[in-house]
Amino acid sequence: MEVPKDQIATLLENGLHDSAQMLGCFLVSSPTVNAETNLHLKAESQALLGDTFFREREYRRAIHNYKQALQYYKMIPKQNAPSSRSSLSSNRSSSPNSYNLSAINENEVKFKIASCHYSLNENKAALVEMEGIPSKARNLQMNLLLAKLYRNSRHNRAAVAIYKECLRHCPFIIEAITALAELGSTAKDIISLFPQNPNRSGRAQYDHFESCRWLQRYVEAQCCMASNDYKGGLELFEDLLQRFPNNIHLLLEIAKVEAIIGKNEEAIMNFEKARSIDPYIITYLDEYAMLLKIKSDHSKLNKLVHDLLNIDPARPEVFVALSVLWERKDERRALSYAEQSIRINERHIPGYIMKGHLLLTMKRPEAAVVAFRGAQELRPDIRSYQGLVHTYLALSKIKEALYASREAMKAMPQSAKALKLVGDVHASNSSGREKAKKFYESALRLEPGYLGAALALAELHVTEGRNVDAVSLLERYLVDWADDSLHVKLAQVFAATNSLQDALLHYQDALRLNPQNEAAKRGLERLEKQMKGVDPDAPEDDDDNDVEDADGDQEEAELL
């Protein structure tokens, strides 16, 4: 043969993709391969060339060659088919990285085509290819891709069935466990799929599983997270971390939960610990970027984005981090980055959350509702509910806001943040303030350290003229929580009651704790005008200060 195809396989196995690709071009154009009678060889050569394109991420070229391979395969006379199929009865990988040189297997090539479409976010085309593979012919890798495609297409029942099939074959497929939890399976249901009795591989496998009870705890943690029981999930993840110290996956899961429930300092610490162990991780670091934005730590945020761009500029987390970075400078550009993250991965929830937040800031609440609803459809969590409630309030759609807040409370009955959301809706009109007060107080009883509820209750006191109650509440919290947002709110209350010296001290304390606190900077600037006898409510300052005085501090923490 003029061009030995086994040499292409050797080149691919050694990672020499460019050479393999060029040699593949010689192979498919050689007279021997192009002879009319060599249909087997034509099919094999086109499939092999397709593999070289796949490895170089040239997915469309790979699809083209794989489809040509299938066309040649279908032209092979039927009497020859059994021999070609029997040659593939061996246990070979269906991955495009597999270089077995026997005649092509139609199902494997369909899987490779589906993998290309999946990489291009063409889920419908990928699903068509996968559904063309008989269930008995699918291996574990094929089943996992099919389950993902069903889930992306919102065929949840079919996705659950395939994910369960995957776990019956191998209980350690972590992504299947997480997917089943998010799709509503209980921990008991998932654990029941694991092998409970000795099987044909003998007692040793059972004993091995018995020593892996930690996996059941992991299942329980993911089910807690999926049902919005953040406290339970966090406790289980932390227990696992005791057994597996410095486990990067667990550290990132814990940090993500802490970010969602508002334990910002703890989340930042765990993200930084994970990065100290592995400085090249990207998973969940867009959540870390949002926390740095809340903290106004712009230098760390800049460095984070720079690092992520150097690691892998094509990941959705990187584009969300870019969106967070550009929010202060150029909201339109920030929005385009958030949208790009969703184009890369249409299931990337932080992209929708960031997009909704930006649209709300840009006075486009109708579009923000769509973004927050997108996040909620993927997986309802407290942030998508917060975004929806605040957006409906911005649209003066009180009824819809109340419905969304009650939906959050129903989904998360033990969440102080959900209780506060209902309070926020009632506080938006004068007739509901007494109800709002009760919800804020209930939130604080449930979670005494929830500063968002304390700040909201203090604001309610101020609105109703109970400035002394507001000061008393905030000073009580300052005893245990040295937080810059508490100092800012106290300063605002003191400034409103003309206690300018006290206001000055608290603005200064806020800036000592967080020199980048924008609310403290603006408040201090406004206060200095008051102390000089200049009207601080000049038209150019009024808009900024009114927004900040009302609920700007807590909205920033809540929405992000």
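Numbering starts at 1 and runs along the chain as displayed.
Each Cβ is built from the backbone N, Cα and C atoms, and glycine gets one as well.
The compositional bias 'Basic and acidic residues' feature in TrEMBL is assigned to 521-535. Among the features that TrEMBL reports, compositional bias 'Acidic residues' is placed at 537-560. Residues or ranges marked as region 'Disordered' by TrEMBL: 521-560. If you look up TrEMBL, you'll see 43-76, 484-517 marked as repeat 'TPR'.
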DSSP composition of the repeat 'TPR' (484-517), residue counts helix/strand/coil, works out to 27 helix, 0 strand, 7 coil
Secondary structure composition of the repeat 'TPR' (43-76) [DSSP: H/G/I, E/B, coil]: 30 helix, 0 strand, 4 coil
By DSSP assignment, list the helix, strand and coil residue numbers for the compositional bias 'Basic and acidic residues' (521-535), in that order. 11 helix, 0 strand, 4 coil
So what pLDDT does the repeat 'TPR' (43-76) average out to? 87
